[in-house]
Amino acid sequence: MESKTHVGSAVETSVELSAIEDEEVLNKMLDNAKDFEERKILRAALRDLLKKKRDKREQDRGSRQQDLRQQGLSKGGTTGGAVSIGRASMNQQPPTKKTSGQASPSVGSKTSPAVSSAQNCPSPAAAPNAKNVKQMLLDWCRAKTEPYEGVNIQNFSSSWKDGIAFCALVHRFFPDAFEYYILNPTKPKENFQLAFSTAERLAGCPPLLDPDDLVRMKEPDWKCVYTYIQEFYRCLVEKGLVKTKSRS
């Protein structure tokens with residue numbers, strides 16, 4: 001009876017969560033969840049909500065394309081060129097993402113001492129538990145970006161090379177800053193610029209990484225990425241967006 005009751009409450013919770021359409025609310029609930037089963041249900045609800053929003057955008061875009069085609073036919077093809085461009089743009093994009101229309105200011109155009117220091121990417125300060133801290137930070141990044149499609153964080157190097165992981169991590173804490181599902185992994189520089197400029201504007205995180213440098217690399221230097229994520233985490237803690245366990 002106890003197991004059936006637990007399953008019943010879990011199903012009821014899933015139904016209630018499906019009615020929530022604000023991903024920020026689900027994010028806060030996920031951050032405050034302490035039970036594994038509760039976190040599992042919340043992650044599933046967040047993934048469903050993100051997918052629902054993406055499908056809605058796809059549907060709206062399809063409707064707009066249909067309207068343009070009908071207008072082109074009714075006006076003798078005057079808008080046919082625009083429709084063709086839109087169709088070609090869709091063919092160039094991955095099936096689940098669309099090209100970002102957002103442009104962010106170039107980061108690192110003027111080399112500051114902070115940027116120069118980060119570009120040299122010195123090894124993080126040695127400490128007895130340095131490996132544990134690195135793994136904990138990697139696990140934190142993986143947990144925060146788990147609901148996002150196209151993100152699979154396994155390290156601090158290759159997992160970040162297209163900029164999508166940076167965008168997902170920033171979007172997790174600032175979901176109203178930009179539309180995640182319009183991002184294109186084939187445009188890493190735009191993704192880097194969007195993530196870093198948003199993190200600087202909303203979290204106060206300095207742009208320690210240069211998108212141009214990252215694009216030139218086959219894979220980002222893990223020390224650079226690790227240093228930046230540490231700084232982003234610190235800024236989130238200062239703003240009260242991430243809670244840390246107080247040491248006794």
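The backbone N, Cα and C atoms fix where each Cβ goes, glycine too.
Keep in mind that TrEMBL annotations are predicted by a computer and have not been checked by a curator.
Among the ranges 1-21, 211-231, the stretch that TrEMBL annotates as region 'Disordered' is 1-21. When the domain 'Calponin-homology (CH)' (131-237) is classified with DSSP, helix, strand and coil residues number 69 helix, 0 strand, 38 coil. Per-residue confidence over the domain 'Calponin-homology (CH)' (131-237) averages out at a pLDDT of 96.
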